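Participant: What follows is a structure written as structure tokens; I'll ask about it next.
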Amino acid sequence: MEKQYVLAIDQGTTSSRAMLFDRQGKVAGVAQREFGQIFPQPGWVEHNPREIMTSVYTTITELLNNAQIDARAIAGIGITNQRETAVVWDKATGQPIYNAIVWQSRQTKDICTQLKEAGHEQMVREKTGLLIDAYFSGTKVKWILDHVEGARERAQKGELAFGTIDSWLIWNLTGGKVHVTDYTNASRTMMFNIHTLEWDAELLAMLDVPAQMLPDVRSSSEIYGMTQTQYFYGEQVPIAGIAGDQQAALFGQACFEPGMAKNTYGTGCFMLMNTGDKAVASKAGLLTTIAWGIDGKVEYALEGAIFVAGSVVQWLRDGLRMLGKASDSQAYAERAGDNDGVYIVPAFVGLGAPYWRSDIRGAVFGLTRGTTKEHFVRAAVESMAYQTRDVLTAMQSDSGIELKELRADGGAIANDFMAQFQSDILNVPVLRPEVAETTALGAAYLAGLATGFWGSREEIAKQWAVDRRFEPAMADDKRQGLYAGWQQAVEATMGFRIS
């Protein structure tokens, strides 16, 4: 049977999705299933790994049934995933020994403090391109081995496996036959040397993580193994692409040349700039990460991670009851006319790039008796754009590249007000693509290249198309005045302490 589709599994922080893409890179079917969040203590976030797998199986079945697709028409599977989230499981039974510790979780912050006090920061930065932070997988694995009785000894005997979510999915889909990850996910663990492209013995010793439990690190586009027959009605489908969600979005946005950048507006906000074959060391609070590894060549990116973006609108809806639904934020923001001097710094879990301050709380500034709900909503939406400018300023400083345009994706970019304000505050055109599902599309492209479904990156680049281009339309003095107000608000937030 002719191969007509590539299947992308997009395993995110709150839901799992399965999506079919045709040869034109258009969505041919989608299924989605949410799963539970576990909050054992304030600041801790965990997932049940078995529930994640169930959500993935369910979406695959729903997708094939609803789209009435024969599994033989699927050329391959691409996997993209919430990065940094760590799972440790028993190799013999396939059962997790503890919940998955999620990227957002701060439960390893004390370990991070100890590592910093021991003087490891410079070494970690040079080898991994990362900072010592609870965000990354390494301290999460250490925490599990420290807190589950007998776990470290079992890991040393080769009885336990560690993986980011991509590894966990592939292990299960192949019936425990394949234990791999790709360069992009490995580069987010704080255990992988992005220059030698190997697990680093010095980093593993620092964290006391046995090498026996680690997955093989492979390219982002190759055939890793075949699925078991029960998932695709008796057929075996090759798993042929892996990338962490933000790198997958960079690939799905066809940012193939150095200096091209994308920003994803989801729960958090993640801007990546392709730096080609150069691992650019950041002096401005950004991360150096692997963009992808294809055809024996690794390419790098600079990344700015903003912890709270779209979730500030969810907070207005669920926490403050200011909105009926998140999409109402556009109408409220437009109705306000301006922010009336109100700024929201949404440091609910501290601030990410370029500040990296986990010790501060969110704040609101500039309230008067004339402040309305509309002003509040507008300030929340504007905070996404201001934080993005913080990151872009750092990115241009590190790379020496002046951004010509910003390709944008994620749920919040559907908000026309936010997209236009982003263009205005950056003074750079913002491009919204026709296919909004760029993360899943990137995973599909990686799998399609490995299976011959698509012939080259040039072919993929021709498929990328603009839905709408937002051009800057704000006077420079107004732009600089608004941003100066934001900088003042951030500085004041950093000075506030709860005793």
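Cβ atoms here come from the backbone N, Cα and C positions, even for glycine.
Per Swiss-Prot, the features are:
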BINDING   THR13, ARG83, GLU84, TYR135, ASP245  sn-glycerol 3-phosphate binding site
BINDING   THR13, ARG17, THR267, GLY310, GLY411, ASN415  ADP binding site
BINDING   THR13, THR14, SER15, THR267, GLY310, GLN314, GLY411  ATP binding site
BINDING   ARG83, GLU84, TYR135, ASP245, GLN246  glycerol binding site
Participant: Have a look at the binding-site residues SER15, ARG83, TYR135 and say which one has the shortest Cα distance to GLY310 (ADP binding site).
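Facilitator: Going through SER15, ARG83, TYR135 one by one, the closest to GLY310 (ADP binding site) is SER15.
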Participant: Do you know offhand how many angstrom separate GLN314 (ATP binding site) and TYR135 (sn-glycerol 3-phosphate binding site) by C-alpha?
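Facilitator: The Cα atom of GLN314 (ATP binding site) is 21 Å away from the Cα atom of TYR135 (sn-glycerol 3-phosphate binding site).
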Participant: What other residues of this chain sit with their CB within 8 A of the center of the CB atoms of THR13, ARG83, GLU84, TYR135, ASP245, the recorded sn-glycerol 3-phosphate site?
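Facilitator: Other same-chain residues near the sn-glycerol 3-phosphate site: ASN81, GLN82, THR85, VAL102, TRP103, GLN104, ARG188, GLY244, GLN246.
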Participant: Out of these binding-site residues, ARG17, ARG83, which one has the fewest other C-beta atoms within 10 Å of its own C-beta?
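Facilitator: Least crowded of the binding-site residues ARG17, ARG83, by Cβ count within 10 Å, is ARG17.
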Participant: Between the Cα atoms of THR267 (ADP binding site) and THR13 (sn-glycerol 3-phosphate binding site), what distance do you get, rounded to the nearest Å?
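Facilitator: Counting only the Cα atoms, the answer is 9 Å.
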Participant: According to DSSP, does ASN415 (ADP binding site) sit in a helix, a strand, or coil?
Facilitator: coil
Participant: Tell me the coarse DSSP state (helix, strand, coil) of TYR135 (sn-glycerol 3-phosphate binding site).
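Facilitator: Note: TYR135 (sn-glycerol 3-phosphate binding site) is coil by DSSP, not helix or strand.
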Participant: Quick check: with ARG83, GLU84, TYR135, ASP245, GLN246 left out, which same-chain residues have Cβ atoms within 8 Å of the centroid of the glycerol site Cβ atoms?
Facilitator: GLN82, THR85, TRP103, ARG188, GLY244, PHE270, ALA305
Participant: If one measures from the C-alpha of SER15 (ATP binding site) to the C-alpha of ASP245 (sn-glycerol 3-phosphate binding site), what distance in angstrom results, rounded to a whole number?
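Facilitator: With the alpha carbons as reference points, the distance is 13 Å.
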Participant: Tally every other Cβ atom lying within 10 Å of the Cβ atom of THR14 (ATP binding site).
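Facilitator: Taking all protein chains shown, THR14 (ATP binding site) has 12 Cβ neighbours within 10 Å.
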Participant: For the C-alpha pair, I'd like the distance in angstrom between ASN415 (ADP binding site) and GLN246 (glycerol binding site), rounded off.
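Facilitator: One finds 20 Å between the Cα atoms of these residues.
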Participant: Please give me the CB contact count at 10 A for GLN246 (glycerol binding site), counting all chains in the structure.
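Facilitator: 28, counting other Cβ atoms within 10 Å of GLN246 (glycerol binding site).
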Participant: Could you work out which of the binding-site residues (SER15, THR267, ASN415) has its C-beta surrounded by the smallest number of other C-beta atoms within 10 A?
Facilitator: SER15
